[in-house]
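Once you've had a glance at the structure underneath, I'll fire off some questions.
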Amino acid sequence: MQLEGGKAAPESPAGGSSAAAAAAQNSVHVNGHTVTQNGHNPAATPSPQPQVESGAQSPVPATTLPREQWGGKYEFLLSCIGYCVGLGNVWRFPYLCYRNGGGVFLIPYFIMLFVTGVPLFLMELSLGQYGAAGPITVWKCCPLLKGIGIGMLCVSTLVCLYYNVIIAWTFYYLGSSFQSPLPWSCDAVANVALCSNRTTGNSSTDKTLSPTEFFWNERVLGVVHSEGLHDPGPVRWQLALCLLAAWIIIFLCMLKGIRSSGKVVYVTATFPYFVLIVLIIRGATLEGSLQGVAFYLTPDWGRLANAQVWNDAASQIFYSLGIGVGGLLSMASYNKFDNNVIRDTLIITTGNCSTSFFAGFAIFSILGHMAWRKGVPVSKVADTGPGLAFVAYPEALALLPGSVFWSILFFLMLFMLGIDTLFGNMEGITTAVLDEFPHLRQNTLHKSLFLGVLCFCFYLMGLLLVTNGGIYWFTLIDSFATSFGLIIIALFMCIGISFFYGVNQFCQDIIDMICHCPPWCSKVLLYFKACWVFCTPFLLLFILTYIFIEMYNTSLRYGDYVYPRWGKALGVCMGATCCLQILIWAIVAISRETGTLKDRFQKAIRPLNSWRVNNLNSTGGRTEARMEPERVEAPFTVTLTDMDYTAMTWEA
């Protein structure tokens, strides 16, 4: 767009006066055009200046190419459900449930879900869908908080780095499951000595003589050959090949963006439910299964007074819903503008939490049978994290008739769960980069090269995690990647949208997206508004305080290994790097403005003038939006006189 006299408008994203910024905020979005308060449409009104006419008539297809969209609403729903329903639903929620009072844990879990999980989930989906942009570009609504998007990118990078290692482990176990008997069962020839020693009652070596633990520590991890974090040792070539295969599958599934990954989720998001149903039916027929289910659900009401229970409930909500990582925001950016985001939020969050509770029956019914076979309490065979998925559960599967079939089915389910979650994390990274560098999106070859280089770099960095001491580095990244840094990012996102962008304006944006908003939508938004302004920030501060206290008072461990102080400091630096992006980019945004510090701050929290005209996914405004001239990324001032209006020929 040209200024009077034919001078080009400034392209600085931070420039412009406060009056123009106010005019940009007071403009409304009608059929793809910006109409100011006086009713004139500056984008569609012809101007007598020849420079303006030539600029308006010049084609700008490169800047107005519409973004991709999901092939259907079910692709988006399945992608989000697959992203949220991950390995944590299988190995983390059941463990937390029985560790924190059984069925009583569901009380703080659902309170945290409805007060923090669902509101933040809706906020992230709505922000991505309305802005039609990735985690970084979407903060044109408040340039001061661009660092939130950068921080999300950092968290996604750390998660992708270690999460695909879990898929590599799953690949290894899946390949080993085709052997009969299973290589970690007592029927295997190599384990006869181990199992015979265990039956002698040698309690001092009972743990070290478990065939499943021997397979996990010796054959898979090789951790017995490493002294700790400082001694990673050589790369284990079997795991390196599995990791390479996992990244190749991710690359191929994401090669065509959501057009390919949106089709893959029809299989990867639904298959785990089929396996869980089969495992529940099979587990219900086993002797001792009711003992495991009772252990899973037996309430301990006294645990409600423990702050640890509430912290575990909140951390599980963040862990399972994938809030603050950028994956949800990116996937929602490919929605149609009028998609009912409130309905999708309720469906996805309810489905995710129901799956967590549902998976507990499949897990503990078989662990109950395992405890009955071994004559020990269920607490002796239950474990958390990788220990449940790769030690306790494989041992339980080895005790079942037809163990090879059940083992293949179980690890295939874990593979599908992991792939879906990694899709969402990778989508957050690729969408953020492609939105910042649009020429990559327009060139298929360049986009493919970028995705290939990204996957290859992740593979090279992930090789550290498949060494003999890789599990120590895995635990370090897992402990701090989604710790306090993620909570701080979510806290600033909630505060920024509520108080800087404006909670009333944000609610109005949601209503604008839902064309025919039923009466219950407005009432539900009142609840969400109260959460965003008061309840959610308060609970996030509580969680953050507890995390810092626990981090200071407890040492990080893996098994009997205690992490050194420098290792824990390295983990803290990982989390701090993610959340410090908010401060760094806020300083950058303020420094780009002019005036006093107060003026700079007020200008930095105003939406850019391209914020409300970026919705090319709107069905009604897509074709007309292509007719608009190129827009600058900042508010600007144009002084109009009476001659400007009398000299114009207005069209009917």
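Even glycines carry a Cβ here, placed using N, Cα and C.
The following feature annotations were taken from TrEMBL:
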- 1-62: region 'Disordered' (REGION)
- 1-24: compositional bias 'Low complexity' (COMPBIAS)
- 25-61: compositional bias 'Polar residues' (COMPBIAS)
- 76-94: transmembrane segment (TRANSMEM)
- Gly82, Val85, Asn89, Leu417, Asp420: Na(+) 1 binding site (BINDING)
- 106-127: transmembrane segment (TRANSMEM)
- 148-174: transmembrane segment (TRANSMEM)
- Cys186-Cys195: disulfide bond (DISULFID)
- 237-255: transmembrane segment (TRANSMEM)
- 264-284: transmembrane segment (TRANSMEM)
- 317-334: transmembrane segment (TRANSMEM)
- Ser320, Asn352: Na(+) 2 binding site (BINDING)
- 346-372: transmembrane segment (TRANSMEM)
- 392-417: transmembrane segment (TRANSMEM)
- 449-474: transmembrane segment (TRANSMEM)
- 480-503: transmembrane segment (TRANSMEM)
- 524-549: transmembrane segment (TRANSMEM)
- 569-590: transmembrane segment (TRANSMEM)
Tell me, which recorded positions from Gly82, Val85, Cys186, Leu417 are within 10 Å of Asn352 (Na(+) 2 binding site) if we use the C-alpha atoms?
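So far as Cα distances go, the recorded positions lying within 10 Å of Asn352 (Na(+) 2 binding site) are Gly82, Val85.
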Is the count of Cβ pairs under 8 Å between the transmembrane segment (524-549) and the transmembrane segment (392-417), pairs 6 or more apart in sequence, 3 or more?
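No, the transmembrane segment (524-549) and the transmembrane segment (392-417) are not in contact.
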Within the same chain, where does the transmembrane segment (317-334) have neighbours whose Cβ lies under 8 angstroms from its own Cβ atoms, ignoring anything closer than 6 residues to its ends? I mean 6 or more beyond.
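Distal contacts: 67-70, 76, 79-80, 83-86, 88-89, 92-93, 109, 112-113, 116-117, 120-121, 124-129, 131-135, 138, 149, 152-153, 155-156, 159, 258, 341, 349, 352-353, 356, 421, 424-425, 427-432, 482, 486-487, 489-490, 493, 617.
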If I take the Cα of Asn89 (Na(+) 1 binding site) as reference, which of the recorded positions Cys186, Cys195, Ser320 has the closest Cα?
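Closest candidate to Asn89 (Na(+) 1 binding site), judged by Cα separation, is Ser320.
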Would you mind listing, in sequence order, the residues at least six apart from Ser320 (Na(+) 2 binding site) in the same chain with a Cβ closer than 8 Å to its Cβ?
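Residues satisfying the criterion: Cys84, Val85, Gly86, Gly88, Asn89, Arg92, Phe93, Asn352, Cys353, Ser356.
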Measure from the CA atom of Cys186 (disulfide bond) to the CA atom of Asp420 (Na(+) 1 binding site) and give the result in Å, rounded to a whole number.
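Distance (Cα to Cα, whole Å): 34 Å.
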Is the count of Cβ pairs under 8 Å between the transmembrane segment (237-255) and the transmembrane segment (449-474), pairs 6 or more apart in sequence, 3 or more?
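Counting Cβ pairs under 8 Å, at least 3, so yes.
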If I count Cβ-Cβ pairs under 8 A between the transmembrane segment (480-503) and each of 76-94, 148-174, 264-284, 346-372, which range comes out on top?
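It is 148-174 that shares the most Cβ pairs under 8 Å with the transmembrane segment (480-503).
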Measuring CB to CB from Leu417 (Na(+) 1 binding site), give everything in the same chain under 8 Å that is also at least six residues away in sequence.
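Result: Gly82, Val85, Gly86, Leu87, Asn89, Val90, Pro272.
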For the transmembrane segment (569-590), what are the same-chain contacts with Cβ under 8 Å, counting residues 6+ beyond its ends?
14, 143-148, 150-151, 154-155, 158, 476-477, 479-481, 483-486, 488-489, 492, 551, 556, 597, 600-601, 604
Apart from its near flanks, which chain residues at least 6 from the ends of the transmembrane segment (148-174) lie with a Cβ under 8 angstroms of it?
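Answer is 87, 134-139, 220, 238-239, 242-243, 245-247, 250, 324-327, 329, 386, 390, 394, 407-408, 411-412, 414-415, 418-419, 421-422, 425-426, 428-429, 432, 458, 461-462, 465-466, 470, 474, 477-478, 481-482, 485-486, 488-489, 492-493, 496, 574, 577-582, 584-585.
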So what's near the transmembrane segment (264-284) in sequence-distant terms, Cβ-Cβ under 8 Å and 6+ beyond its ends?
75, 78-79, 81-82, 85, 253, 292, 355, 358-359, 361-362, 365-366, 368-369, 400, 406, 409-410, 412-413, 416-417, 419-420, 423
Only counting partners 6 or more residues apart, tell me which same-chain residues put their Cβ under 8 Å from the Cβ of Cys186 (disulfide bond).
Val192, Leu194, Cys195, Pro211, Ala398
Within 10 Å of the Cβ of Asn89 (Na(+) 1 binding site), how many other Cβ atoms can you find? Include all protein chains, please.
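So the Cβ neighbour count for Asn89 (Na(+) 1 binding site) comes to 26.
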May I ask for the residues of the chain that lie six or more residues beyond the transmembrane segment (76-94) and have a Cβ under 8 Å from a Cβ within it?
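Residues 70, 166, 258, 261-262, 265-266, 268-270, 272, 296, 316, 319-322, 327-328, 331-332, 334-335, 339, 344, 347-349, 351-352, 355-357, 359-360, 363-364, 384-386, 388-389, 413-414, 417-418, 420-421, 423-425.
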